[in-house]
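Trainee: Checked TrEMBL, it gives:
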ACT_SITE  H127  active site, proton acceptor
BINDING   R32, R38, N71, R102  substrate binding site
BINDING   N45, V69, G70, N71  NAD(+) binding site
DOMAIN    7-92  domain 'Lactate/malate dehydrogenase N-terminal'
DOMAIN    96-270  domain 'Lactate/malate dehydrogenase C-terminal'
Amino acid sequence: AVSCFSEVIPTDKEEVAFKDLDIAILVGSMPRREGMERKDLLKANVKIFKSQGAALDKYAKKTVKVVVVGNPANTNCLIASKSAPSIPKENFSCLTRLDHNRAKSQIALKLGVTSNDVKNVIIWGNHSSTQYPDVNHAKVNVKGKEVGVYEAIKDDSWLKGDFILTVQQRGAAVIKARKLSSAMSAAKAICDHVRDIWFGTPAGEFVSMGVISDGNSYGVPEDLLYSFPVVIKDKTWKFVEGLPINDFSREKMDLTAKELTEEKETAVEFLSNA
């Protein structure tokens, strides 16, 4: 096997870690401890991501692609972006690919196909339990024929109920079972996310990632870091436009936007005092 690695430099110095970066994967965040409110968590993380954003602004290439994994990922990503004003907002994204991959797996399991046979699921919104896994536009390859997921599964109440809950609460379920989070699945999702940023998405497929909501056509408020369906070409993402949104989806999309708006307000308040 040929190694792509030339060298690993362990460091705690920002000027070393962030110098001339092409890609920054920000994994470290303050984890939620027992008895902690989400507000306490936000306060601790604003400090971390303000300093990482400032270091990126100072040392990294202006073309750097920044992927935030540490939770609460969407809001941490927004804070990092606001703290790096000279780097385009579009260069910042947060990981919702883990949720995207989980949604694909649940559909595949239900139909007895592989995950690769399922495409174009969407995670809308926050990487939290309000996220909305949407399969209204997803397709599945069954015996060589591509069909809509709703048509293939023929169980609307499962798709609108247990399927959504399972994906939303998968992270918590894994922690409960393992006493640890799903490190390998997250690592795989980060690789998928970065590979797609770098090499683009396959023709006819879209993926989910948390990106800045400015200019979206889905009625999501501006200036939120919200997960959308995107296609990527030449290291540039674009919203997948024109997907019809039914009332069921609209309600779920608005709910997660509301949570993100509240998180943002809390975080920005901490940022101005930080």
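Residue numbers in this text run from 1 along the chain shown.
Cβ atoms are placed via backbone N, Cα and C, with glycine included.
Walk me through where these features lie, including what they touch and how far apart they are.
Mentor: The Cβ of H127 (active site, proton acceptor) has N71, P72, A73, N74, C94, L95, T96, L98, D99, G210, S227 as same-chain neighbours under 8 Å, each 6 or more residues away in sequence.
Sequence-distant neighbours of N45 (NAD(+) binding site): residues of the same chain at least 6 apart with a C-beta under 8 Å from its C-beta are S29, M30, G70, P72, T75, N76, I79, A267.
Each residue of the domain 'Lactate/malate dehydrogenase N-terminal' (7-92) gets a DSSP state, and the totals for helix, strand and coil are 39 helix, 9 strand, 38 coil.
Mean pLDDT across the domain 'Lactate/malate dehydrogenase C-terminal' (96-270) comes to 95 in this model.
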Trainee: What's the number of neighbouring CB atoms sitting within 10 A of the CB on R102 (substrate binding site)?
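Mentor: Taking all protein chains shown, R102 (substrate binding site) has 23 Cβ neighbours within 10 Å.
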